[in-house]
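Visitor: Here it is: the structure, laid out below.
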Amino acid sequence: MHFKLFYRLARQSIAAWIDDYAPSMGAAISYYTVFSIAPLLIIVIAVAGLVWGRDAVQGEIVAQLTGLIGQDGATGVQALIESANKPAAGVIATLISVGVLLVGATTVFAELQSALDRIWDVPPSQKASGIWATLRARLLSLGFILGLGFLLMVSLVFSAGVAAFGGWADGLFPGWELLLQVVNTAISLGISSLLFAMIFKLMPQARVSWRDVWVGAAVTAVLFEVGKALIGLYIGKSSVTSSFAAAGSLVVLLVWVYYSAQIFLLGAEFTWVFAHEHGSLRGEAGTRMAPAAAAAPATAAGSVLAPAVEVPRRSEKADKTVPMLATSAAAPSPARRRTARPTLKQRAIVYGAASGALLLLSFLLKKRLTRQSLAPPPY
């Protein structure tokens with residue numbers, strides 16, 4: 001990708017990021033993430049812990065969080081995990097707590113879907129609604145969480161392999177430490193790109209091509225790695241924790257999630273721009289005719305249609321409103337269109353997520369009941 005081309009795409013992405021009010025969307029994502037991070041990590045630890053053990057996975061996550069948001073922030077997240085993972089008293093209370101756990105873990109993904117729908121200009125008439133649509137969206141979010149746990153397992157496998165190779169190659173040739181660091185960075189970029197590609201492809205209620213997704217996911221992964229280092233440097237050098245006293249760990253978590261959300265949204269905007277400039281939607285980013293632009297005969301004497309109004313490109317418009325044609329009589333509001341039936345791929349994802357949810361529910365329920373039976377009686 002030439003520098004001039006990348007510069008033009010970056011400039012258009014930033015303009016679209018501003019037009020879509022990404023800072024406000026990032027604030028909403030950060031708010032929901034605070035309440036979703038504990039149940040989300042509990043499910044991820046439960047999935048990855050099936051292979052590596054719960055304590056090992058939780059220790060690895062805390063170590064990664066320590067490098068990202070500092071010791072205070074990681075300690076706060078660990079306290080949230082332990083508090084949310086306490087066994088409840090009774091079967092009914094356990095079922096309720098597991099249900100709240102699943103709903104809380106999927107809430108942030110629902111907000112991510114809303115943000116991506118706004119970026120891809122999904123009209124309200126095409127958005128799925130109703131109980132089944134809500135349930136399907138929650139199951140899809142749970143499928144992403146299970147996939148996140150699987151990616152964590154893969155990451156731990158590669159990390160263990162790299163560590164074993166480092167122990168074997170110690171002293172064999174000079175510069176092997178740099179080689180291991182490059183390999184670790186490449187693995188991290190690959191896993192992040194895969195995760196972002198899944199979110200960009202499956203989350204929005206719009207047709208998104210895999211060809212467009214991979215380019216945007218790779219750019220987002222690189223931005224995320226660079227931003228992760230810069231955010232960690234800012235948190236480490238600033239006095240955010242000490243300025244807010246007891247709430248310092250929560251503020252650090254909010255700051256890190258907020259700036260990470262901005263990087264994610266900027267990557268999603270880059271994907272949108274690339275798809276319309278050089279991807280599968282090329283040619284659709286120019287001027288469009290308004291829905292009522294089709295010529296129609298006058299229904300009454302003296303009724304004159306105004307000239308068709310062109311909708312400007314996204315980077316040039318100030319809002320999302322589409323001007324309609326002026327007529328002598330008020331145009332009737334268009335009927336709500338029925339949403340398209342789910343495809344076979346979407347059904348397979350939903351059914352797979354539902355099966356995984358049932359297995360995870362039974363596993364968590366059994367685990368909580370076992371803890372309750374082994375807990376010492378209160379005095």
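Just so you know, glycine gets a Cβ as well, placed from its N, Cα and C.
The following feature annotations were taken from TrEMBL:
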TRANSMEM  31-52  transmembrane segment
TRANSMEM  88-110  transmembrane segment
TRANSMEM  139-166  transmembrane segment
TRANSMEM  178-200  transmembrane segment
TRANSMEM  212-235  transmembrane segment
TRANSMEM  241-259  transmembrane segment
TRANSMEM  348-365  transmembrane segment
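In the displayed structure, how are the listed features positioned relative to their neighbours?
Guide: Packing against the transmembrane segment (31-52) from elsewhere in the chain are residues 58, 61, 77, 80-81, 83-85, 100-102, 104-108, 110-111, 142, 145-146, 148-150, 152-153, 156, 250, 253-254, 257, 261, 360, 363-364, 367: each is 6 or more residues past its ends and has a CB under 8 Å from a CB in it.
Residues 67-70, 73, 185, 188-189, 192-194, 196-197, 200-201, 252, 255-256, 259-260, 263-264, 266-268, 270-272, 274-275, 279-281 of the same chain sit 6 or more residues outside the transmembrane segment (212-235) yet have a Cβ under 8 Å from a Cβ within it.
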